[in-house]
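Presented below is the structure to which this report refers.
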Amino acid sequence: MAAEPNKTEIQTFFKRLRAIPTNKACFDCGAKNPSWASITYGVFLCIDCSGVHRSLGVHLSFIRSTELDSTWSWFQLRCMQVGGNANATAFFRQHGCTANDANTKYNSRAAQMYREKIRQLGSAALARHGTDLWTDSVSTAPSHSPEKKESDFFLEHTQPPAWNAPVTDLSETQQPAPSAESSGLAQPEHGPNMDLLGTSPKASLEPKTSLIGKKKPAAAKKGLGAKKGLGAQKVSSQSFSEIERQAQVAEKLREQQVADAKKQAEESMVASMRLAYQELQIDRKKEEKKLQNLEGKKREQAERLGMGLVSRSSVSHSVLSEMQVIEQETPVSAKSSRSQLDLFDDVGTFASGPPKYKDNPFSLGESFGSRWDTDTAWGMDRMEEKEPEVTVSSIRPVSERVTNRREVESRSSGLESSEARQKFAGAKAISSDMFFGREVDTEYEARSRLQQLSGSSAISSSDLFGDVDGAHGAGSVSLGNVLPTADIAQFKQGVKSVAGKMAVLANGVMNSLQDRYGSY
């Protein structure tokens, strides 16, 4: 048995192997400057991937350090010499093993075949070379060997024969294959003898070259198109750059479309605004012409109100088109219309203004229906001020409204106070019931009737209110016959408050109409 190599020989051997470009990166992850090796596959690994290989077991991968371990055998060195990252990559890809998971990859059929092949080639190299290392006398051969090795290996197994070279070249390269194998084994200075792996697959796959070339031409170009052994990264970067370029072009087109759509929308908006402005100018000129044609008082009123100068739309109302002077007429049937509405005012219909003391209908009588038909309980309504009609000339600016409202209230309160003085001029003392028209006798009469009927088993409304003839005669219905006095009082009070609120709301509507149409 030959002596084992010393530390110097081991360092020289691995220095030559690691100088090859394909061995400068980890076989599994591609990390730079790997310092560990898998003797089973003849590949170089980084420290992380070496730990993964250790976890697989020595029956699948035997790991050693190229820098720390000094007990290498000649068989192990020959396995590293005939192997290499490039040969392992080509073999795994050729047999369709592209998995990244270590368990899947090194338990596959391709890994088993490659382990057996490395063992056979290492044994043959050890038998031929023994303990000889590379010498400087044959250092000129490796310069030609890598080019021939890479070009022959990749082109022969990944592309059809018609693409690689003429038929004469293939026949020429096929014949010296055994001599290349023998020469590679005889001279270990040639580096990791790639021809040993390159020739045997060629001989076995030569009859099926065209079939393999037709099935996997594109995949072989993408995966092994580079000459440095890391073709996958190069091809993926090209594909990513192409996708990025297409994405940039699509983004530019989308931005251009958005800009064009926005520009068209702005142009259409500007055109519509110009058209509307032209229409407004035409309407303004028409209104100015109408204003110039007016005479005297009509023109002064139009200028004072500022109406008719500008028309908002084609259907807007203009005062200048049909301006007429409205003369206020004195209403003749004020009393009759008031008497017709007494019934509705009494039950809570909406009054024309806020509630006043003279509108309080809480005076009690024998029958509310009979009292509503008389004028004695509503004597104060005769002196009520006639409400003026609302016209365009009677509308005043906003600044004068508070003063006008106060004037109306002071005027009504003055009328009430003067009427009360005339009514109670000779009285020494008056009460609130007398002032507001409440009669105490009626209340006393109602209480006396209740006392009389306290012992009876059943009473009717006619017995309670003393309206026997009315119950059986005319058949008229009044609130006094339906609801008690207290409920009627509460009901009327609520209706009066609602009527007051509605009057205020109506006044606000008129003021808003004045504000809106008074600015034109």
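Cβ coordinates come from backbone N, Cα and C, glycine included.
Annotated coiled coil per Swiss-Prot: 242-307, in sequence order, evidence recorded as sequence analysis. Look at Swiss-Prot and you will find 220-232 tagged as compositional bias 'Low complexity'. Feature annotation from Swiss-Prot assigns domain 'Arf-GAP' to 11-127. Residues or ranges marked as phosphoserine in Swiss-Prot (evidence: similarity to another entry): SER145, SER200, SER236, SER239, SER311, SER333, SER339, SER363, SER367, SER431, SER432, SER512. Per Swiss-Prot, the feature region 'Required for interaction with coatomer' maps to 97-520; the stated evidence is similarity to another entry. What Swiss-Prot lists as zinc finger is 26-49, and the listing cites sequence analysis.
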So if I measure Cβ to Cβ from SER512 (phosphoserine) and keep only same-chain residues at least 6 apart in sequence, which ones fall under 8 Å?
none
Long-range Cβ neighbours of the zinc finger (26-49) (under 8 Å; 6 or more residues past either end):
17-18, 60-67, 76, 79-85, 87-89, 102, 111, 114-115, 118, 122, 192, 230, 233
Averaging the per-residue pLDDT over the region 'Required for interaction with coatomer' (97-520), what integer do you get?
63
Inter-residue C-alpha distance, SER431 (phosphoserine) and SER239 (phosphoserine) (nearest angstrom):
107
By DSSP, how many residues in the zinc finger (26-49) are helix, how many strand, and how many coil?
3 helix, 7 strand, 14 coil
In three-state terms from DSSP, label SER512 (phosphoserine) for me.
helix
Take the Cβ of SER239 (phosphoserine) and count every other Cβ within 10 Å, whichever protein chain it belongs to.
11
C-beta crowding around SER431 (phosphoserine), within 10 angstroms:
10
Work out, from DSSP, the number of helix, strand and coil residues along the domain 'Arf-GAP' (11-127).
65 helix, 11 strand, 41 coil
Between the Cα atoms of SER239 (phosphoserine) and SER432 (phosphoserine), find the distance and write it as a whole number of Å.
103
What is the number of other Cβ atoms found within 10 Å of the Cβ of SER432 (phosphoserine)?
7
Assigned element (helix, strand, coil) containing SER432 (phosphoserine), judged by DSSP:
helix
